[in-house]
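Novice: Got a structure for you, questions after.
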């Protein structure tokens, strides 16, 4: 009996749970529970099925477990073969057996008290673990029900805000690109207009150079004509002098002829001849003078007209040149203003691009940070779920241990409450090992609990018990 209780004492829930299950010999009253654990589904699997099998073995007697156990325990006392079944023992042997039985009962009471104390401590620890398990289950449920939803809502809200800002920035960038394209078109058009104005300026400069050549030629012609006029005036003056000298000479000759005529009154035809000659010379001189004056006047009028025409052309060329200069200056100012505007717009566009790039990088960093936080929260949830599953496994093992201890206590209480028979009326019989083996049998209860999980959540549970008699 003490050996049976010592073996049952070795079957401790604390040792089985935390110190490993001891090995029991064949035929012990209690075999350790078997907890085969199926591995959890790895990350990414849609569902997993976890099965746990609990094996509880209980030894019961054929006619009565206690009687068989007591008979097998007391059967070790060698009884002489001369005594038959049903014969009484002598009182000395009965006293010895009674004393041994009382000692065994006292030891059993002490051991049972120790086991009760240990069992009370074990119950307290189980209650504490159940409280922790309930707190962790509540925490897991809270995390399942609230925290992921709130984080998802915050993430979705920030993601929508970031998408809206990205759309606004994209629209602004598209608008800036359109404005830039329009400005580039205006710049190209102004460049084409500038090229046309430059070509017109070059043509005006070429015309001005041609006009300058014409003016120079007209100036040279005018100077030449002025020199010719001077030479003609000098020639006219010289001819006048020559004519006057000829006239004086002719007058002197006429006077001499008149003197001779007066001296020679006998020659009246000479005076008439001189008069005719003088008239002829005067006619010729007047004709030459009139022709020279007409030629001079015609030349002067031609030169004056040419000079006036050249002066008009020069004045018109100067006016056109001034207009072209004013246009070039206005176009140059306009081009400078457009260049400044283009530079400012390009600078603004670069600043906007840099700002958009920095904001986009900031948004990307925020998105990466939020994704990292979500991943961290998911890892925390998975860790809490694993801890919860482990605690659930421990709880189920403890439940099985408690049930086992309850069965043991019920068996001990039923054994203690049995009436103690008078040893004088006890009939002892010797049983052989073959008979004890036929009387003792083992009843094994197999509990199969199937838990189906999907993505870390318990979907369904199923419990099945199988009883086998060994």
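Cβ from N, Cα, C; glycine included.
Pulled the feature table from Swiss-Prot, pasting it below:
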type	residues	note
REGION	2-108	region 'Head'
MOD_RES	7	phosphoserine
MOD_RES	17	phosphothreonine
MOD_RES	31	phosphoserine
MOD_RES	32	phosphoserine
MOD_RES	37	asymmetric dimethylarginine
MOD_RES	37	omega-N-methylarginine
MOD_RES	45	phosphoserine
MOD_RES	58	ADP-ribosylarginine
MOD_RES	70	omega-N-methylarginine
MOD_RES	77	phosphothreonine
MOD_RES	81	phosphoserine
REGION	109-141	region 'Coil 1A'
REGION	142-151	region 'Linker 1'
REGION	269-287	region 'Coil 2A'
REGION	288-295	region 'Linker 2'
REGION	296-412	region 'Coil 2B'
MOD_RES	361	phosphoserine
REGION	413-470	region 'Tail'
Novice: Determine the Cβ neighbour count for residue 361 (phosphoserine): the number of other Cβ atoms within 10 Å of its Cβ.
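Specialist: Step by step: centre on the Cβ of residue 361 (phosphoserine), count other Cβ atoms within 10 Å, giving 10.
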Novice: Average pLDDT across the region 'Linker 2' (288-295)?
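Specialist: A mean pLDDT of 80 is what the model gives the region 'Linker 2' (288-295).
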Novice: Can you break down the region 'Coil 1A' (109-141) into helix, strand and coil residue counts using DSSP?
Specialist: 33 helix, 0 strand, 0 coil
